[in-house]
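Copied from TrEMBL, the annotated features are:
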{"type": "DOMAIN", "residues": "58-349", "note": "domain 'Protein kinase'"}
{"type": "BINDING", "residues": "Lys87", "note": "ATP binding site"}
Amino acid sequence: MESLQQPELSTIVGSIKLNGSCEKVFPFNSDKKLISVGVQTELVNESEQFIIVNGKKYQVINELGRGGSSVVYWAMDSDLNPWAVKKVDLKNLTQETVTSYINEIEMLKSLINSDRIIRLYDYHCTSENLILVMEKGDCDLKSVILSFWSGGAKKSPRSPSGMLSSGIVFYWDQMLRCVKALHDRRIVHLDLKPQNFVLVYGQLKLIDLGISRLLPDDSTTVNHWLKLGTLSFMSPEQLEEAAAIPSSSSSLNQSFFLGPEVDQENRFKVGRKSDIWSLGVILYMMVYGQLPFNQDKLHSRLSAIISPSVKISLPAIKNKSIYKALERSLVRNHLERASVDELLSYEYVSSTSAADL
């Protein structure tokens with residue numbers, strides 16, 4: 001089929017040039033099938049291990065990860081610069097899923113000047129594939145946490161934690177600054193988890209903005225009816241909203257029901273404070289080596305997250321500021337939960353010695 005010509009949208013920031021348009025790159029016909037557009041993205045024979053994007057060749061070194069319809073490769077250009085190249089198979093995807101990829105591109109473009117968000121350097125799309133060329137991280141925060149809590153490092157005899165206080169304070173501060181970069185621009189991430197923080201030359205950066213949302217200028221919350229985040233890290237208000245979605249729109253609704261029917265006109269909304277809860281869950285993992293809610297059955301775990309009658313266990317630690325951050329982050333009522341600016345104001349380093357939590 002002859003491709004449709006689309007006007008090019010170029011954004012130049014320093015030496016970075018982004019080509020393409022998002023909503024025009026993903027038009028749908030009346031059957032909600034993708035229409036091919038006039039851009040050139042090529043995946044050369046995979047056995048040759050080369051990917052070409054906008055005329056630039058990248059040699060695939062290794063696969064970094066995959067999930068659903070996407071694969072992320074570690075690749076190098078002709079100057080031996082490392083890149084993370086994300087290839088998305090668009091065939092047979094729903095419009096909702098494709099919309100999340102459109103959203104990710106638009107968010108990354110708007111944040112290209114931020115040193116706390118992974119950088120998008122190039123992208124192109126056909127009716128079958130979307131390829132994004134991004135800054136490559138060295139490892140994710142999940143790997144860091146597991147290295148301490150899965151036998152990779154010995155626990156301090158003076159601390160209940162497998163991670164030293166200095167390490168927790170460092171990563172916590174970096175996480176807060178990443179999220180502040182979003183919140184200051186009225187963006188909520190909505191899927192914060194250790195895997196979505198990556199280290200780039202020693203600095204933590206955020207990735208995977210597929211379900212992030214931009215807050216309206218006159219609001220602190222946004223209706224969130226699209227793709228769900230990761231359940232164990234979702235805030236109570238996210239779970240409550242997900243349970244209110246009709247079962248045809250939510251896989252969660254099929255296995256988790258709150259009870260009385262929720263009034264659709266007064267449904268729950270999510271905002272910046274939803275990200276704060278998720279940050280608190282990650283901090284809990286770093287401090288205690290487990291999730292705050294680890295019930296075996298999914299229904300029981302989700303009920304525990306929402307229920308005010310289920311007390312969150314917070315064993316005593318010596319770093320009072322870290323403890324206070326846990327208390328202020330893991331508050332079920334989002335109106336009473338801390339903001340990222342409040343959490344950044346705590347004096348974490350002076351609360352205890354660097355080696356003792």
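Any Cβ shown, glycine's included, is placed from N, Cα and C.
Around Lys87 (ATP binding site), taking its Cβ as the centre, 20 other Cβ atoms fall within 10 Å, counting all chains. The average pLDDT computed for the domain 'Protein kinase' (58-349) is 84.
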